[in-house]
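Novice: Among the features that TrEMBL reports, active site, proton donor is placed at H718. Per TrEMBL, L-homocysteine binding site is recorded for I455, G456, S457, D623. Among the features that TrEMBL reports, L-methionine binding site is placed at I455, G456, S457, E508, D623. Annotated Zn(2+) binding site per TrEMBL: H665, C667, E689, C750, in sequence order.
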Amino acid sequence: MTAATTPLPNATILGYPRIGRRRELKRAVESYWKGATSEAELRATAAELRTATRARLVELGLPALGGAVPESFSFYDQVLDATLALGAIPHRFADVAAREGASDLDVYFALARGDENHQPLEMTKWFDTNYHYSVPEIDERTPFAANAAALVEQVAEARAQGVDSRPVLVGPVTYLLLAKASDEAGGGFKPIDRLDEVVAVYAELLSALAAAGAAWVQLDEPALISDSLPTTRDETLALVERAYRELGSAAERPAILLTAPYGDSSRVLARLGALPAEAVQADLVRGALPEGSLADGSLARAFEGTQLVAGVVDGRNIWRTDLRTAFARVEELQRAGIAAVVGTSNNLQHVPHDVADESKLDARLKSWLAFADQKVEQAVVLARGLAEGAAAIEDELAASERVLADRAAAPGVRVDAIRARTAAVGGADRSRVSEGERREAQRSLGIPQLATTTIGSFPQTGEIRRARAAFTRGEIDRQAYDGFLREEIERVIRLQEEIGLDILVHGEAERNDMVQYFAEHLDGFAVTEHGWVQSYGTRATRPSILWGDVSRPAPITVEWSAYAQSLTDRIVKGMLTGPVTILAWSFVRDDQPLADTAAQVALALRDEIDDLVDAGIRIVQVDEPALRELLPLDADRQAAYLDWSVGAFRLATGGASPEVQIHTHLCYSEFGEIIDAVDGLDADVTSIEAARSRMDVVEPLGEHGYSRGIGPGVYDIHSPRVPSVEEQAELIRIAASRIPGEQLWVNPDCGLKTRGYEETVASLTNLVRAARTVRESALATSGR
Ligand code: MET
Ligand SMILES: [Zn+2]
């Protein structure tokens, strides 16, 4: 490095939400997509948002100078940003890039969303979060050429505002480990094979940033903490060492902050400290320091000349930090001779903007919460303590203690009756009679071979959304809204009868969201007004806050399911969201193990199943699409996780008598990895996503000797395309070649809520015909 490094200030954050306090970016981008605004207008809105963010961060106390303010804006996705910065445009998009007058932004959105002639880049979950990134497609011929324009523009924009910001980029190793080999890649090719070339392009990007005046750059390498990647952790570490030795030796570059967020970096931290990065961040919420490394001085030796950004403020959750404990940890590092500064555990993109925007939350609950802005303030307080001594922040430390004490003692946080009930749970509560006995008992349901059904939701039409909004705003009363929902249910039941489905659903029209709906009806949860968190691109969700002991004050879904069942002779499935998914898609309390929280939710669902059955429901589906998502990245923690998560599902469903058929639904493609866990759920029938992978999962299922009911999806609901009878019949045949017909169910990949009615009816009609075709040909060949 040519310029002398100015150390990072005492407080920083790894990134800030970029969607805008009122989701301004969503509106701006979607309006650009519709052609209602120009690229220049979109760019101007983006610049305004970035400028407002920097100003806000400085107002909250991050120093304007010295690289404390992260430059973490993205139009859509940070991995996609890296793809553009590397010029790594897949060949199949070369025509878009070559198009007359195509701007960088046109190429960018074409990759993200596809167009008439191009499938978009695949999307998948970013580490163990509910954020989805656009998966880079790399092969031997993918071009790499530095395109620093966007990064440089932002640095210049910040400087004009008087802010010396720190550009943020996904690091080279993580980028390539998250990429997939393109369809054109040769057998055996792995994107990471091209690390050296990619590092060379990063070196060019860094030099452009240095030239633009950036003092610091942040390179995120969460790959370092994951066991769920194509490389082992040791291999990943070796790759990171290779890459950063190279980057470190670049002639002209900003100082590098290398981050290892989202998990435990204790095994690698000392070696990261020894790299030529000027600062290294460790997630000290999820992770720890290397055992004994302070006492024996080894960490201090490794970090000589390197700052350690101590990620003590939780960037994944919305609770106020225990400042006293956090401060002690950073001070301890400093006392051990390490140049430690205060940071967050990860980018704050996973939390909402500002608690102050919530006008309807209970004031007491509100005082316990910290969204992004409050987290920044907390980091700033800790930093002041480092600079001026603990006495200078004693008021804040004491206030933080009071918040924790208030939270611990508040009514509803610990409810004796609920605790007594979970304490009394025994193994028997988690087990039903044997699978075989249940199969026998369920014969009375009269379910045919290759039974057809759906996953639960039917299209959420504009009419449904308008009715719900009118009800929420008080424009129509409960009676009118209920009447509307009943009509909707009746319509959906009649439609399914006409299409000829075997097992019906009520359609879930009453649900705004499969988790929030339950959160709104359970004690122990709160919902926010503006607590939006980006899920992917312009999509955001509003996770509920699980703050107290959970119980069910009254039945939730029974009225709707029972009404649907009263309309038809066919079986209507009851439809619940499972305990793990409810936890995964909410902000959960951090004052007790997740396993305990899950058990409370499970008992509430157990009561709901009881009531459903009493009301005449004979099949209940408990959805667990997030089962895989919460699987820890750290292999050592996976067994314990599967144990409690599977246990919670079994506790929810374990009270159902043998003749009640329990279904579950999981939607993700890496199903093969957790077949044992799925088997452990002990559900009678499981529906899974399989259409896009053309039934890849039936192979491992066959090998596993899976003996339960299984419905591999034959209709990909992610697109409006209508799959033909023959196409769906072919998928059923592939499944039937590995799985006995008695076990096989025929269903779509997932719920239909995002689809329109026209394509849904056509696709389901074909699905029912496909099942009939295969049934008939099977009967013909078996001579029955
Ligand atoms: C993301 S899984 C969705 C399951 C839910 N029952 C639905 O049909 O929408
Ligand atoms: Zn699903």
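Cβ from N, Cα, C; glycine included.
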Novice: Return the member of I455, G456, E508, D623, H718 nearest to C750 (Zn(2+) binding site) in space, with distance defined Cα to Cα and candidates limited to these recorded positions.
Specialist: I455
Novice: Output, ordered by sequence, the same-chain residues six or more apart from H665 (Zn(2+) binding site) with a CB under 8 Å from its CB, or 'none'.
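Specialist: When sequence neighbours closer than 6 are ignored, H665 (Zn(2+) binding site) has I455, G456, Q621, D623, E624, P625, T686, S687, I688, C750 within Cβ distance under 8 Å.
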Novice: Which residues in the same chain, at least 6 apart in sequence, have a Cβ under 8 Å from the Cβ of E508 (L-methionine binding site)?
Specialist: G456, S457, F458, M514, M575, G751, K753
Novice: Which whole-number value in Å describes the distance between the Cα atoms of E689 (Zn(2+) binding site) and the residue listed as 'active site, proton donor'?
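Specialist: Computed Cα spacing between E689 (Zn(2+) binding site) and the residue listed as 'active site, proton donor' is 11 Å.
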Novice: If you measure H718 (active site, proton donor) to C667 (Zn(2+) binding site) at Cα, how many Å is it?
Specialist: 12
Novice: Around the recorded L-methionine site, report the further residues of that chain (criterion: Cβ within 8 Å of the mean position of the Cβ atoms of I455, G456, S457, E508, D623; site residues excluded), sequence-ordered.
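Specialist: For the L-methionine site, the extra neighbours are T454, V505, M514, M575, Q621, H665, C750, G751, K753.
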Novice: Kindly point out which of the recorded positions G456, S457, E508, H718 have a C-beta less than 6 Å from some atom of ligand 2.
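Specialist: Among G456, S457, E508, H718, near ligand 2: none.
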Novice: Would you give the longest CA-CA distance, in whole angstrom, between residues of I455, G456, S457, E508, D623, the set recorded as binding L-methionine?
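Specialist: Roughly 13 Å, rounded to the nearest whole number.
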Novice: Which chain neighbours of the Zn(2+) site, leaving out H665, C667, E689, C750, have a Cβ atom within 8 Å of the mean position of the site's Cβ atoms?
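Specialist: Result: I455, P625, L666, Y668, S687, I688, G713, D749, G751.
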Novice: At a 10 Å cut-off from the C-beta of H718 (active site, proton donor), count the other C-beta atoms across all protein chains.
Specialist: 14
Novice: When a 10 Å sphere is centred on the Cβ of S457 (L-homocysteine binding site), how many other Cβ atoms does it contain?
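Specialist: Summing over all protein chains shown, S457 (L-homocysteine binding site) has 22 other Cβ atoms within 10 Å.
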Novice: Using the structure shown, find which entry in I455, C667, C750 (the binding-site residues) has the sparsest Cβ neighbourhood within 10 Å.
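Specialist: If we count Cβ atoms within 10 Å for the binding-site residues I455, C667, C750, the smallest count is at C667.
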